[in-house]
Structures are given as C-alpha cells and as structure tokens.
Amino acid sequence: MVYSRRGSLGSRLLLLWLLLAYWKAGSGQLHYSIPEEAKHGTFVGRIAQDLGLELAELVPRLFRVASKGRGDLLEVNLQNGILFVNSRIDREELCRRRAECSIHLEVIVDRPLQVFHVEVAVKDINDNPPRFSRQEQRLFILESRMPDSRFPLEGASDLDIGANAQLRYRLNPNEYFDLDVKTNEEETNFLELVLRKSLDREETQEHRLLVIATDGGKPELTGTVQLLINVLDANDNAPEFDKSIYNVRLLENAPSGTLVIKLNASDADEGINKEIVYFFSNLVLDDVKSKFIINSNTGEIKVNGELDYEDYNSYEINIDAMDKSTFPLSGHCKVVVKLLDVNDNTPEMAITTLFLPVKEDAPLSTVIALISVSDRDSGANGQVTCSLMPHVPFKLVSTFKNYYSLVLDSALDRESVSVYELVVTARDGGSPSLWATASVSVEVADVNDNAPAFAQPQYTVFVKENNPPGCHIFTVSARDADAQENALVSYSLVERRVGERPLSSYVSVHAESGKVYALQPLDHEEVELLQFQVSARDAGVPPLGSNVTLQVFVLDENDNAPALLVPRVGGTGGAVSELVPRSVGAGHVVAKVRAVDPDSGYNAWLSYELQPAPGSARIPFRVGLYTGEISTTRSLDETEAPRHRLLVLVKDHGEPPLTATATVLVSLVESGQAPKASSRASAGAVGPEAALVDVNVYLIIAICAVSSLLVLTLLLYTALRCSAQPTEAVCTRGKPTLLCSSAVGSWSYSQQRRQRVCSGEAPPKTDLMAFSPSLPQGPTSTDNPRQPNPDWRYSASLRAGMHSSVHLEEAGILRAGPGGPDQQWPTVSSATPEPEAGEVSPPVGAGVNSNSWTFKYGPGNPKQSGPGELPDKFIIPGSPAIISIRQEPTNSQIDKSDFITFGKKEETKKKKKKKKGNKTQEKKEKGNSTTDNSDQ
C-alpha cells in the first residue's frame, strides 16, 4: 500500500513537471526584473544561458535584440551573454502610474531562426517625494463655525506606486485644528481639516499651519504645504449638497456642451445669505478646468473640451457652493466622472523586417518580418487581428498575443514578380470595427536559375569567299531572364577540329558582343559549309549556358580561270598538232578542247569560241560553243591551205569572266597518206613514243579488261554501301565525283582535290559512284525528255568536279556494261533544232540550283547507240559544261572521234569484205576496225 501511494505521488509529480516544462517551452518567454534608475551596465540576467544558447553561437547566429518603443534601454553583451542596462530607465516616464511596468524584448537568432520573448519588469523605487499642487492653500472659516467642522484640503500626489506612494499626513501642533485622513472606495486619501476649538476672530484673524506628507518608501520622502486660514465673521449656515460625492458615467466621445450633471445645494439662511453660487474649488486642476465648465448660477456641469479615455479614464471635480453673504459660507462636494471607452482608436502596427531582399529559392516558412500590433482601446475594442492581402506567396503566423510573423508560403520566381507590395491589415473587435493598413515591400533577390536562350536553335549565314581577314559575318545574341551578373552573358566558340585544323583558326566570337569574325579569307573551293556552335554562358554561380548552331555557307566568286587539259603530245610552243585528211566532209570532228574551272555554277560554266587569226582568210573550222569540239564547216578540197593555226578561247560566265586560250595546229594531208603521215609525225614529234603505236591494240584490250573488273568491283561496293544505314553529313575532304551519263548508262570517276563540307569532324571520305549503262527502249526514247531521278542526291563533293574524259580513259574507270539502269539527270534543252551534231542550251537558274546539263541532238543527227558502244555524252556536276561524244552510224564514211582529243586520226575506215573460206583475212579486218575505234 505504501509503495502504491509513493508510485502515484511520483507519477503526479512527473506529470506536473512535464506540464510545467511544456508550458515553458510553449511560451518561450523569460522574465527579469530590475529597479528603475539603475546605472549603466547594471546586470539584468544571463539571457544566453537562460535561453539555452551557447556563447560561441551568439555571433555566428546573428544574436540580436529588438524592442517596441525605445530600443536603447537594454543591451546584450555578445561575449558573455549578459543582459545589462544600457541607459537610464525612469519608470514614471515609461509607464506613468500603471501598477505593472515591463519592457518587452524580442530576441532573434538565425540558423535556424528562433524568436524568444523576454519581459523585464521595472521595479519602482522611492525616487519621487510627495508633491502638493500649490505651496500655499488659503481657507476662509467663519468664526461662528462649530467645533468638529470639517474643511477639505488638497492632498499630495506621489508619482511612485505601491508602498512608495502610500502617503501619511500630519499637521504641526496647534490648539484649534486637527487633520483627518479618509479613504474612499478607490483607496484615495481625502484630507479634511477638523476644527477642534471655536475660533475667535477678534483674538486671531489668521492662522498659519503646515501640513506634512510622508510616503512609505525607504528612505521616506516628504512634502509640505502652507495653510493660510482667514477667520470670517458671522454667517452661521453654510450651503449643503445632497451628497458629498456624485458619480457620473460619460462616453469618452461626448461632444462639447454635453451636460454632465446638475448640482443642487441648499442654505438654511434667508435673504442674500441664501443665494448660492457654484464654482470649481481651488483644488481642481487646470487640466480638469479645461475639460469641463460649470454654470455658477444653475450648478450645471458641461463638457467643454475633448475627452479621451486612453489619457484619463476618470476625473474628480471638487465643487464649492457659497452663499452671497458679506461673510459667505460655503459647502463642498465632489463629482467623480468616469469615462466609458468607445472604439475611437485605430490599431497600430510596428513592422520589423528581418531578411530583405528574399532570395527566390528561399525555403518555405522563411520568416520575412515581425509584426506587432496594439490598440489603445480596452476590452473588445482593443483586441486586434491581422490579415494579409490574398493571392501572394506569403502568410501571417501568430506567434504570441499581438505578435505575428510574415513567412514565405509558396515558391518565388523573380522573373515573374520581382517586388511584392504587401498590405497588412489590422482590425480591432469593436463595433463598428476600425482597421489600419501597413505596406511591406518585399524585394525578391535573383538566383541563377535561367540559362541564356537564343532566339532560334540554328542560324544560316551566307559569306562570299575571299573575304578580308577579321571581317564581321554575323552576330549572335542570347537573352538571360535573370538579373545583374546572372544575366551577364559571354560568348565563346565550342572548339573542335575542322579537318586537320582547329575551328578557332577559321572564326572567332567576341565574348561580350557576340559578333562572329572570319579570321582568314574563306575559299569556296576548300570549304563550302562551315558548321559550328557558339556557347553563351552567364556569370552566375554556378554558371548556366546554352549553345546555338551556325551554318556558314561560303558563296562562290569567280576567282579561278578555266584550266586547259592539254595531253602530253608534241607541238611548237605548247600548241597541239592534228592531221586531217582532205577528203573529210562537213561536220568532221578534228579535235576537242577540254578545260575545267574549279568554281561552281555560272562561274564554272565554260563556253568555247574560235578566234580568227590576224590576216587569215575564212577558215573551214568551227568550235562547239559548249562542247569544245573542233569540226569542219564544209568539205575540204585541194585549194585549202595545208596548215591552219586555230586559237580557241575558253571563257567562263562569271562576273567578270575569266578566259584561257588553246592553240591547235591543223595540217591537211592526202587521204592515203594520213595514217603514215600521222605515224611519221608522231615519230618525229615524240621520238621514242612512236614505238608504242603498234601495241595500242593490245594495250586497249588490257585496259578494257582491267576496267571491266574494276567497274564490277565498284558496283558491288556501291550496292553494299547503299544498303547500309545512311549517316549524317560530316566534314569531308576527298575526291569529288564526276558523273557521266548517256543512253547506255552512267559512269563516275574521282580526281584528287580538296572539297569539304564542314559540318562535323569525321575523316575525309571519297565520293565514288558508278552506274551500269542501260540500252534505250525504243527509237522514241531519244526525243522524249527524261524525268529527274528521285533517288539521286547531289553530293557537295560533286559540285566542283569538272574533268575531261581523257582522265577517265587514263584511269580506266569510264566503262559501261549492258543491262544497267539509266541514270537520269535534270535537263534543260534547246527547243530549236541545230544543224550541228550536239549543242547545249544554258540552264534555267544556272549557278543557283542547276548543276547538270544534258546534250540535245538535232533532228538531223539522231542519237544512235548500240550495246557496248561508248556514250554520246557525259555530265560534269557543278559545271554547266557537257562533254559530248558524238556517234555516227556504222556505215558512215566520216571518221568522227568519240573519246579522242588532240590524238592522231586515220583518214578513213577500212572496208570489210566478206570472203568465204578466208577466216584469217576477216579476223584481220575486224582487228583493224577495233584499232581505229580505240584511237578515236
């Protein structure tokens, strides 16, 4: 049983202790007390220790004290955590005569944020002596007054409170008067002078007394007042009031002129001694006289000034009623006016901001400001509630009575709203309710949460080649939605290699302006497309960035003159010699001039003109405008000059056009002497090379065999490669592809030349395309224009490749096999029939998108081809020039070269004779025919 009682008692004590600890933790408030008038540095309390804070945490956690009203009274030493008096504290000045006087402090520490409330009670000391309103009080007393008559006196006042304000009075010893002290309901002392002995005016007309007031403090303080008593003669009945004390309740907002009370005094005398006048006693303070007025005849007291419950909630008015006798008698009463509070004071707010500006990434519940509210009214009129304007990312949290915290309620975004103008409304509980507003400007500080953004992900720039070094080609601009250094954007190149050189050797970008400069002259023949990225990065911490792609297309200019493809044959002064039989007719192809231009478009479109020699007669030759074929204009006869010097001018279509000149020496020989003369000319011109003529047949057969094998290999490789997954375009550097197309097929060849499209970093690749020839389906196929092949894509490396068929023959690539698909190209042909074997018409939009040209046959020279024959034309992509190879019917007597240039030609073909039983002769004739075709 004993154990059970002890356990129950222990449980109750533990529960009581837990409740007490919970109450203390919930209140979070410390209480100290200090006496007023304490000196500077007076110890108040170890506030850091009492709050559970370490001394080393005070400075790092930004320990600070905020107080309402004067903030310099108390201070905290951050070294030892002691709260001490910083300046003089006068309780009477701070709290007037309120019973409780306290200084409220707010202790704030960060990391994490904590707010503690500290209340320092100011204890009263006896530092104010009792004081009378006047140094001398005058009384008029009739000599006829009976002993025990009482006369009210003005008491002293003490600004202190409690025991220090409890006053005791005494009167200096005399034989006529005593001092009586009474206490009313409000514990206020009333002094009355009591007559103990009848007065005799004839003996003494005036009495001087000294009233001494002593307070209850230690040490005691005193105050004195001099009483001057004048003894009046005979009026034995004084006016009397119904009550000695009148209590009146009055609204504090009563207007001026409002009746407070009407007093009535009576006098038992007759005549003039009965007539009474009313007036304020000399005991009434001037402040009270300014608030009220009394009618001396009627005794009505009215409001004369503005009343305020918050200043004084009650007034004591001493009224004297005196008759009009020569020796007047007076009666006395007191009117106590108690004011009733009305809701006439709006709430007041004090806002202490803590963290401004607020970072836009601040966590939720971050305390922005502390708000304290007050209302001078009392009761429900003084109960204040706060509210915040709606639709803002903040809220008010009530911490203690009349204290609120402004905290972050939702995420901030400075780019949406940079400043919040908050309106806090404080409203009291009166009826009608009064309210007040206060504005809090909350600035949102920027954090680097936005990367620079370009207007578009890719820009296309066109730059002419041969630009001056350092020229400005483009300006990139990125916008950052952040502010200040977070929006300061700098630009840089995303470095990589363009072929074998770094990107920075081609272009540079200004870090601040974003201007892109070309560091060196660009060459369209070397680089057609320069693709790179520019990075924009802000100055935030950490920095954010983004990239934009620039495609710089290098536009071609006519900076390359046509280059002649001259075979290595003998001649005088670099001229080419040709032997032509006199028996040839009109249209016989004598030779073909070939030239290439590294430019593209119109700049690479070549035309040929025959320049007449000075002083020479009209020559029987002409040159194809776009083919470069030199042919006869008429039949030659014996009257023609034996030697002709032809000047062929090769000109492109650029602005301005560039030219080159080729010289061809044409010698006319007899028909029977043409092969021999040619052999002798070759032997005399090239010397040891004449011995190779006999082996031409075997050499051509070997070349054809090897070329056929190579073509089959390339076809197989192309088929395998086309079946693979296509890859993105990269920066290529290799041999551009030349496509040669005809009715029997298309061929391709490559020539070593730098041609790059700079859009990546992959190693250079060689574009090599081969197509199998196909036979025409019918005679009408030559008259119908061919439609573009949708499967063909124009490679960038093909556009500048323009080379002669001689190189094709030397490389052994120009071959065709039967049965292949016919490669078709977009063509623009002249609608006007030409008497010449082949002409071309300029393309529509040449130099822009047209890079292929087709040869058109006139009606007089229909296109005829058979299986195994060489094509009649081929196209050089990237150039308007079409190398045309004209084929004549098999029974034609005119020897027209198909793929020969500047070579030696035989006068006529050998006629084939059919002889039965002589197979050896038939094979010999076929061998000679093959030799003729290979020479051509």
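A Cβ is built for glycine as well, from the same backbone N, Cα and C atoms used for every other residue.
In Swiss-Prot, the feature N-linked glycosylation site is assigned, of ASN547, ASN918, to ASN547; the remaining candidates carry no such note in the record. In Swiss-Prot, the annotation N-linked glycosylation site falls on ASN264, out of ASN264, ASN928. The CA atom of ASN264 (N-linked glycosylation site) is located 99 Å away from the CA atom of ASN547 (N-linked glycosylation site).
ASN547 (N-linked glycosylation site) carries a strand DSSP state (E or B). Listed in sequence order, VAL494, GLN533, VAL534, SER535, ALA536 are the same-chain residues at least 6 apart in sequence whose CB falls under 8 Å from the CB of ASN547 (N-linked glycosylation site).
Around the Cβ of ASN264 (N-linked glycosylation site), 13 further Cβ atoms fall within 10 Å across all displayed protein chains.
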